[in-house]
Structures are given as structure tokens and as C-alpha cells.
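Participant: According to TrEMBL, the record shows the following:
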TRANSMEM  13-35  transmembrane segment
DOMAIN    32-291  domain 'ABC transmembrane type-1'
TRANSMEM  47-66  transmembrane segment
TRANSMEM  128-146  transmembrane segment
TRANSMEM  152-169  transmembrane segment
TRANSMEM  233-255  transmembrane segment
TRANSMEM  275-291  transmembrane segment
Amino acid sequence: MTTKIWKRFKIEFSVYVGIGVAVSLVSDINVFYFQKLLDAFGQSMPILNLVIYGLTIIFVPIFSYLEQKPKMKLQSGIFFYLKEMALDKISRISYSEYLKIGSGSLLQKVEAGSSAGRNIHLNFYGRLFRELIPETFFNLFFIAIIDLKLVPAILIGYIFIFIVTKYLLKILKAIKENSLISEEIMNNTLIRGITEMVTFRINKRYKKEIANYHEMSISTTNNLIKMTMIHEFFFGFFAFLVAVIKLVIVILTFANVISISLGGLVALVTYVDRVYTPIAIFNVVFVQYHLDKVTYQRLQDFYDTSNDEGLFIEGAPIQSIATISLTNLNLTIQNKRILKDFNLDLEKDKILDLLEKVELGNLL
């Protein structure tokens, strides 16, 4: 399915990623030339540096505006395409498989799976190639220009963050799996409660089902709260770590351990913030990617269910029916004769008023 999505939206993905790479490059060039302007403060104004700095300021919002069209095409297009594929699958699925899933669970799989599929391809892969990888590469490149000795320390920080992320993933995936199962059961209960009202009332099942739904809603809500708090803790801890690194750089600079100009210090602090921000974002979207993957896999499993092969066997063409004839029809209800020796021809493409034709009022 992933290959089909990339092929279907290859133009939109290419434009979206290309603009993102351009924004990342222009943003880093902006910081680089801002450093040069600060270092030249009080001296003759370098016109070329000022022009380049000004152009980078102008290009960033222009590129940001241009990327909205492919972004919205991908955001809506992928979501509806996955639903379209689900509808196509329903047209071919084996009826026994359909009954195993249930309409409520199937609706939840399609809705949640389509949203997760969009998040995986747009918010993870799209953001990874258009923003996170280019920004990390460009920021490391400009940091190396300022002071190459800082690059190994930054890479060590990356390794530490990935270790923490791997540990968090194990916890979050287990919580997500339980939440998905609960949501599907809840949705199935809700659908049945709406569509099978008469059966539920006769069997007096509403009280029991409502109680079960209430318990599952509390459990699911608590799981979602846990996931959110773990996410926010990681992001808050990461922000604290970046703040400490920036403070250490400032202290080392004023202690003459790092020899750079004032403009270089401003640029270095900015680059460090920017070089770790993509990693922070990556870890958050990477965790979300694995959570969405659990949801998306359930939709993929539905796509892979067996089809009703009898639908695709070509047999002899069915002859078109031109007329349906009722001959000598007798109908008795509660020992009362309703129809006796009734004859009627129903011809194709003709509308017939049955009550007027058989004079049902006289028969009753």
C-alpha cells in the first residue's frame, strides 16, 4: 500500500519535499550571514552580505506559502485514498470475513487506519525528508564551519537521545495496542446499540452494554493520558537538555575555552538550538510513527483478508428478464381470503399501481 501511495502522489511529495529542503537551507544561510553582519558591526557595511541576508528573510515566508498547496493535497488525498481502497476491498471481501470483523470494528479500523496512514506518510516520512534530515545536515555543516570540535559532542547527544527513545517506545506501543482494541470494542458496541435498538430493548441489554462501555471509556481515557504525559515528559526533558548545552557554550566562550567572535557565539547558540530541535521533533514523530503503525497495520490486515473469488469468475451471461408473471395466485390471512386466482404481468421499465390494478379495497 505504501508503494501505491508514493506512486499516486509522487508529484505532490516531490514538490513538498523540495520546498522543505529549500526552506531549511535558506534559514541556515540566514543565520550564517546574520553572524557576518554582527561581526562587521561598527565597520563598513558589507553590501553583499546585507543583500543575501535580506533575500533569505524574504524567501522563507514565500516558500512557506508555496508549500501549502502540495501539503493540503497530500493531507486530504492520502486520507480519502485509503478510505477509497477500503471501500474497494469491501466490494470484494469474503462475506464470512466481513462477519468476523463486524461493522462497528470495521468502521473504526477504516477511520483510525486512514488517519494513521496519512500521519505515517505525511507527518513522518514527509517531514523526515523535507525538514528533519536537511535541517540536521545543514546545521551540523555550519557548526563545523564555526568550530569543528563541537560536532562529536553533538553526535554523542544524539546517541543518548535515541537510547531514551527506544525505551519509551516499548511502553507506548503496549499502551497504544490496548487503547486501539478498547476503541474498536466501544465503537462496535455503539453501532450495535444504535442499529439493533429493538433487539437490545427486548433482551434488556442496554444496561449491561452501557456499563461495559463506561468502564472501557475510563480505561481508554487513562491510557491516552499516560501516553500524553510520557510524550510531554520527553519533550520537556529534551528542552531542558538543550538549554543546559546552550548555557555551557556561553560559559565556555566567556571563559575563553572556545575562541569565537560575538557573532559566532550568537550563530553557534542558534545552530545548537536548531540542530537539536529536529532531533527532538524526530523522536516525537518517530514515537508517534510507531503508534500510528500499530493502527495502520490493523487496516492493512483488513486489506489482506480473503476475497470472495466467486465474484470474479466469468460465467454465462444472465438473460435479461422482460416480464414477471403471477398466475392463479391465492392468498389467505387468518382464514380470510385476500386473493383468489389472481393474475398479473409485471413488465420491465413500466410503473404499475398495484392497488388500483387488483382493486385491493374490494377484496378486503
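Just so it is clear, glycine is given a Cβ too, placed from its N, Cα and C backbone atoms.
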Participant: Short question: which residues 6 or more past the ends of the transmembrane segment (13-35) have a Cβ under 8 Å from it?
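Facilitator: For the transmembrane segment (13-35), the sequence-distant neighbours (Cβ-Cβ under 8 Å, at least 6 residues beyond its ends) are 6, 49, 52-53, 56-57, 59-60, 63-64, 66-67, 70-71, 74, 126-127, 129-131, 134-135, 138-139, 141-142, 145, 261, 263-264, 266-267, 270-271, 274.
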Participant: Near the transmembrane segment (152-169), which residues from the same chain, at least 6 beyond its ends, have a CB less than 8 A from one of its CBs?
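Facilitator: Contacts with the transmembrane segment (152-169): 140, 143, 230, 234, 238, 241, 245, 272, 275-276, 279-280, 283, 286-287, 290.
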